[in-house]
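Visitor: The structure that follows is given in the form of structure tokens.
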Amino acid sequence: MGGCLSGDVKGGKQAIGGVQQRPTSSTIANNAAHNDAVDFFFRSRGQYPLFSQIELTLSASNLLDCDITSKSDPMAVMYLRKKDGRLEEIGRTEVILNNLNPKWIEKITVSFQFEAVQTLVFHVYDVDTRYHNVPVKTLKLKDQDFLGEGTCVLSEIMTRQNRTLTLTLTGNVRAGVNRNLGTLSIQAEETVASKTVAEINFRCVNLDNKDLFSKSDPFLRISRVVETSAAVPICRTEVVDNNLNPMWRPVCLTMQQFGSKDTPLVIECLDFNTSGNHELIGKTEKSVAELERLCLQKEAANFVYPSLSHGRNKVLKGQLIVDRYVEKVQYSFLDYISSGFELNFMVAVDFTASNGDPRTPSSLHYIDPSGRLNSYQQAIMEVGEVIQFYDSDKRFPAWGFGGRTSDGSVSHAFNLNGASYGDEVVGVEGIMVAYASALRNVSLAGPTLFSNVVDKAAHTASQSLSQNSPKYFVLLIITDGVLTDMAGTVDALVRASDLPLSVLIVGVGNTDFKQMEMLDADNGRRLESSTGRIATRDIVQFVPMKDIHSGLVSVVQALLEELPGQFLTYVRSRKINPIGAPAI
């Protein structure tokens, strides 16, 4: 999620680059078959995924003594609980002999995924003396004495300031269910590789001209070669207008993006087109190690153009030059979160008449007596259940828009809980209760306006910013309709782009959501207000429910994939460090 690009963007072409934009097709035509958020999720979850690696160190205190002539010989096993309830073993510690207060040395590594609720289950065993010379990975757990179990969510550990969580062990053991089974402590540490970045200054010379009446408008797209599928885009530069010898601002590639310094990277130079069909100028394949050598040896790499007849690629006169290569460590998303930064959740629900009468099963707002969630409930639950772990008080502002309230007027930002003052509810369950209550007390009306709820969220973020609060706000808008106030919404989003705020939009139903794709800046352009102001950064992420691939990826996974990157773009552009951390 790296990206050294910073500063105000003066135009749509320049706004294509920056912190890891959503990927486009690797073909020259650059056509996209699915929503960008969903595409990005699938492509980044290939053989070499892009998440932070976390090392967990375990220790225990006051374990149960199951041995007669000595103390227990404990070993810990960690599992990840899957959605269907199955336990997937992630790793085991070593066995420590004759010790009821073990401090295991063997670390267990797990990949942190912000967009998922990762439930960890820990089992502690007393390993029988007969198996002390057997490798721990081959031990049959059914042959060992069970000492207790602990469960937590990985984000619970990562949000602690010292990244340490202590669990009370429970479970049915032979000594009885009510006996004190001791505690298990988990300490998490993000690997250095997750924070290491390569900062690179690129320029090109002698590029081929692809335009008739002017020079090309080139930018670079860098992709990682993946063995099992097409290359995965990981970074783009800004566009340089009308220039065949362009020089770009520095880009940052994180080690978690490129895997290792020897991993092949495809570097494409493309001519920007406003249609989104960017034309390939040339490409080259280099690893990070090779880019470093180009810089040290002051050499250049020639671009090639793919042969349409599958023959030899055409070598071009255009060259890629690396003017500067520096490796450094940056603070990660988890550094900020564990230091005390919070993500504050807000939600806005569409109460326009196009949703259909909530009393009929065909309505998008229908509350099924069987407990089956409608699309609005599903989006609230999935997004809220992830973000709630990053909010200490779990008090969430919840609004509705496009509904006729009890006073007979249509409101585009009414409190979902029905209160005249105070828009907060407690927990995700509180949002669900307030939503169901509002359906009974608010009449569906219209039109569909976003600007009011965006302004309310921006006001909250602005107040927090003025108080120097370490908070970042996430507004979830769930809608079924076509926007009536497109210009007003764009203006509100451009104003909000300066604030610690991201806007997640879920489209429900079968409406044409082309407008939402425009808000999501999927063509590489940042939003431009009615007065000509360009958004400081892209703060919108959109996904339609119907575009989720056969249930293989949830709404929350597609929506939240880029949120840590948006957060980092904000804090890094303002040179904000984790609480108590020195500048680096």
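Keep in mind that glycine also has a Cβ here, set from the backbone N, Cα and C atoms.
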Visitor: Pick from 1-23, 507-529: which range has region 'Disordered' per Swiss-Prot?
Guide: 1-23
Visitor: Using all protein chains in view, find how many other C-beta atoms are within 10 Å of the C-beta of Asp128 (Ca(2+) 2 binding site).
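Guide: Asp128 (Ca(2+) 2 binding site) is surrounded by 15 other Cβ atoms within 10 Å.
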Visitor: Just to verify a number: CA distance, Asp73 (Ca(2+) 1 binding site) to Asp145 (Ca(2+) 2 binding site), in angstrom, no decimals.
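Guide: Asp145 (Ca(2+) 2 binding site) has its Cα 10 Å from the Cα of Asp73 (Ca(2+) 1 binding site).
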Visitor: If you count the C-beta atoms lying within 10 Å of each candidate's C-beta, which of the binding-site residues Asp73, Asp145 ends up with the smallest number?
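Guide: If we count Cβ atoms within 10 Å for the binding-site residues Asp73, Asp145, the smallest count is at Asp145.
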Visitor: For the domain 'C2 2' (178-305), what does DSSP give as the number of helix, strand and coil residues?
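Guide: Its residues fall into 16 helix, 58 strand, 54 coil.
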Visitor: When the domain 'C2 1' (34-167) is classified with DSSP, how many of its residues are helical, how many are strand and how many are coil?
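Guide: Split by secondary structure, the domain 'C2 1' (34-167) comes out as 23 helix, 51 strand, 60 coil.
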Visitor: Just how many other Cβ atoms lie inside 10 Å of the Cβ on Asp126 (Ca(2+) 2 binding site)?
Guide: 22
